[in-house]
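Quick look at what TrEMBL annotates:
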{"type": "REPEAT", "residues": "142-176", "note": "repeat 'PPR'"}
{"type": "REPEAT", "residues": "213-247", "note": "repeat 'PPR'"}
{"type": "REPEAT", "residues": "248-282", "note": "repeat 'PPR'"}
{"type": "REPEAT", "residues": "283-317", "note": "repeat 'PPR'"}
{"type": "REPEAT", "residues": "318-352", "note": "repeat 'PPR'"}
{"type": "REPEAT", "residues": "353-388", "note": "repeat 'PPR'"}
{"type": "REPEAT", "residues": "389-423", "note": "repeat 'PPR'"}
{"type": "REPEAT", "residues": "461-495", "note": "repeat 'PPR'"}
{"type": "REPEAT", "residues": "496-530", "note": "repeat 'PPR'"}
{"type": "REPEAT", "residues": "531-565", "note": "repeat 'PPR'"}
{"type": "REPEAT", "residues": "566-600", "note": "repeat 'PPR'"}
Amino acid sequence: MRKMTMRRAFSVSLLRSNPLLLSHSSGNSAVVALDNHYYFNSSSSSSCCVFTSTFHVYAISHFSTNPNPTHARLKQLLLEKSKSGFDKLDDALAVFDKMLHMKPLLPVINFNQLLAALVKMKEHSVTVSLFKDMCVKGIPVDLFTFNTAINCFCHLNRVDYAFSLLAGTIKRGFHPDVVTYTTLIRGLISQDNPAEAQLLFINLIRFKLIQPNVVTYTTIINGLCKRGHISTAVMLFRYMEKKGCKPNTVTYSTLIDCLCKLRLVDQALGLLHEMTKKGITPDVITYSSLIQGLCDFNRWQDVNQLLSEMNTRNISPDVHTFNILVDAYGKEGMINDAEDVIEFMIQRGQHPDVVTYNALMDGYCLRGEVDKALAVLETTMKRRGIVPNTRTYNILINGYCKKFKVDRAVDLFQQLPREGLSPTVYTYTTILQGYFLTGRHVEARKFFKEKMMLNKALTLDNFTCSILLHGLCQNRFVVEALSFFDTMLSAGLIPNICIYNTLIDGLSKNGHLEKARSLFDNLPLKGLRPDVKTYTMMIQAYCHDGLLNDANELFLKMEANGCLPDDVTYNTLIRGFFHNKKYNEAGVLMDEMCARGFSADASTASALLDLLKSQEQNPALLALRKKFLT
């Protein structure tokens, strides 16, 4: 929290008084202090670095590319490697060591090329370490060097150090540019601080420190989209156009992807039309997002149209695009279509991966064809040299549990360590649920105590706890369920409304209505709001115990508390009225239910017919028959 506050205060003060940022530093001091961090002072060769690294660069007498490079040959090598990276880290370190000893010293652009090569290799901590060595040894640096180091700190999830280094940039007399600030904005977003990123962006514009470019705008738009603030993202998108900054493919793709994830597919298609009309070419990422969005709505004709459009534009679907299709077809039970997609992608030179076959196996399991899913693992994947992951086994374990073949699921569970894989909390929970589903509650409880409670590496979540509580309550181990619930609270797990629903339902159905009522009444103290399931469970419990007035009162309260009853709630209370011979009240409630677009379910209709058979002359019942059964 302190670091977050420091960054926000630092960014605002920086934007308001840029030249005076380091006015508290003294003359030629080797180290400049700010907020307990330290920065380089260009006037001293003994400068310190904010980043502490245990990595040291050792002199290496040779490297594989060229053992004795001349200045010209080394410059050419650095130019090439800055674009692709070195094959080995040792080669890059050997070049750096050679550069340190060359006379005359190579210009800063060549050192920047070496750092760029390391960034290409994703050796961010090593890059920062070499940057430190350059500062300590008095090797000239420029803004590009600082930007590279700032970028590396962001990749290392140390945005606080990146902001600290910004002060060192200014102290050296450099003026941070759009790349500097865009990098910092991206760093804040990557550390889930989009509000701070937005504040920094606003202040940059307000104090006119930079002219944001398309990358800056797109970075902020991406941050807004990740938080689901699509309307604000679209407003910023229109603002950048108004300011003369032309959005590119990445900008449009970012918005399109967000719209599709929010199920606003038609608006996303509108943006696709807009970008092509403006001459901005969509890419495979753009189309993949749209295809995913359309698959979510089973709009297969539109999917085919987009695939045809991609072909016309000579944009080839990649593995991710094909995987979307395989997954979508599998979820709809269209296994033949999913297999056709896999065959087609192979023909197009794309190699199916573990995600592809996991999606296919999931499709088989959804159809109940678990053995066929297992065959995909044992034959197809093995033949193609595709290594399964934990999800592969989770799919099979879940499939066998749903087929009540828990022993087969346990065999697969035990196979995971032999494959070098670790089961997840979902794996354990699936086995636990399988035992309960098959009525093997003794084994379920033993499995939980021995395999899950004693596993310190396993963090239990609300879903797992809900499965255990439901299983215990279903098998009438209510006291044990309450004991576990207390243990869960003591361990610091914060139950959600689903946990409380499970307990309330289990308690009320096992003769513990008062305990269920106590849990329900205390929900506001826990910061939770009952949902429609919670209310319906309590109404059903009251009706079952003949407390019809309490049930009706709670029914009236739920709507007043902003929770609308659904068809299950109405039917539950109507059957309660039937059971207590409140036929007129049942008729009024049925009228209200129908007015809201709901109808009597099979249980309610059956209850009404049974009553009519036994009490045919009751006027209220005859009126109900005339109204609802004719």
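Each Cβ is built from the backbone N, Cα and C atoms, and glycine gets one as well.
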| request: Sort the residues of the repeat 'PPR' (461-495) into helix, strand and coil with DSSP and give the three counts. | output: 26 helix, 0 strand, 9 coil
| field | the repeat 'PPR' (531-565) - residue tally per DSSP class, helix then strand then coil | value | 26 helix, 0 strand, 9 coil
| query | What counts of helix, strand and coil residues does DSSP assign across the repeat 'PPR' (283-317)? | reply | 26 helix, 0 strand, 9 coil
| Structural state census, the repeat 'PPR' (248-282) (DSSP three-state) | 26 helix, 0 strand, 9 coil
| message | Restricting to the repeat 'PPR' (531-565), what is the model's mean pLDDT? | response | 94
| Sequence-remote contacts (6 or more beyond its ends) of the repeat 'PPR' (353-388), Cβ cut-off under 8 Å? | 319, 322-323, 326-327, 329-331, 333-335, 338-339, 342, 345, 395-396, 398-400, 402-403, 405, 419, 421
| message | Which residues of the chain, 6 or more past the ends of the repeat 'PPR' (213-247), have a CB below 8 A from one of its CBs? | response | 178, 181-182, 185-186, 188-189, 194, 197-198, 201, 254-255, 257-259, 262, 264, 275, 280
